[in-house]
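K.L.:
Structure provided below as structure tokens; questions to follow.
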Amino acid sequence: MIVPIWIVLSSGVIIYNNYVYNTLNFRYPVFLVTWHLFFAAISTRVLARTTNLMSSLKDVHISQQTFFRSILPIGVLFSGSLILSNTAYLYLSVSYIQMLKAFNPVAILLISWAFRISDPNKRLALIVLMISAGVALASGGERRFNLFGFIVQALAVVFESSRLVMIQILLQGLKMDPLVSLHYYAPVCAALNLLALPFTEGMAPFLALQEVGLPILLSNAAIAFALNVAAVFLVGVGSGLILTLAGVFKDILLVSGSVLIFGSIITPMQVFGYSIALGGLVLFKTSGGK
């Protein structure tokens, strides 16, 4: 039951954010991400006091040294990833962004090879080429291509992939589920974003708040937080292949939803390229990729 709930929430967050940015014309991703993080920081602390969902928190001990050497730099990457990935929705369609996200595991693998966390092998190298070729074809078929948006999303992939690799390097041995991770990272990222807000969006988002309304802001942040709660239950449920296929189904659902809800245009070349990339992604996950 948790897998379909995760699919709905994961798709819902992206579609809802795109609705806020492009339909309601609230084009302030730094503010919205900061608001999500503040909401998450408060919510994780409420859950820690009132439920058993975060019982593993007592087993995680973060020293001052670990905070500054690990949590803070990873938080910077996390913050950058969230801001960049949300900014991309101002310039690119939901469907095209999902196609570009297929490159995420490739970026993680390449960075892992660069840091010598894993050793290169021919099979994974061929799968990397397959995914890359699929994403390249999907990009070539994009009718509403925006170079700035493409660069922003590419940087988001680099930041997110670097964050995941840094977690492997710096937090090895610390077992943190998604909610416990959010408990530590949300306040750090919210503070970093708040420092960046005056230089990026200034007072503009605060002046535009009345156009969006409190119900939209609260429900938007609540759905984003619910996704993290669902992720806790998702861990350990089913095999890696089932979760991979669930992710692929979610991506297909999002691309289809982008066409039906927002009128995105998808060309035959994009369908062909994205199919190759998704096939490569399944092969990647079943071949020992992460």
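Using the three backbone atoms N, Cα and C, a Cβ is placed for every residue, glycine included.
Remember, TrEMBL labels are computer predictions, not curated facts.
As annotated in TrEMBL:
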| type | residues | note |
| --- | --- | --- |
| DOMAIN | 4-284 | domain 'Sugar phosphate transporter' |
| TRANSMEM | 26-47 | transmembrane segment |
| TRANSMEM | 67-90 | transmembrane segment |
| TRANSMEM | 96-115 | transmembrane segment |
| TRANSMEM | 124-141 | transmembrane segment |
| TRANSMEM | 147-170 | transmembrane segment |
| TRANSMEM | 182-200 | transmembrane segment |
| TRANSMEM | 220-247 | transmembrane segment |
| TRANSMEM | 259-284 | transmembrane segment |
K.L.:
Against the transmembrane segment (147-170), which of these stretches has the most C-beta pairs under 8 Å: 67-90, 96-115, 182-200?
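P.N.:
Comparing 67-90, 96-115, 182-200: 67-90 has the most Cβ pairs near the transmembrane segment (147-170).
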K.L.:
For the transmembrane segment (259-284) and the transmembrane segment (67-90), does the number of C-beta pairs under 8 Å, pairs 6 or more apart in sequence, reach 3 or more?
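P.N.:
Stretch pair does not touch.
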K.L.:
What stretch of 26-47, 67-90, 124-141, 182-200 shows the most Cβ pairs under 8 Å to the transmembrane segment (96-115)?
P.N.:
124-141
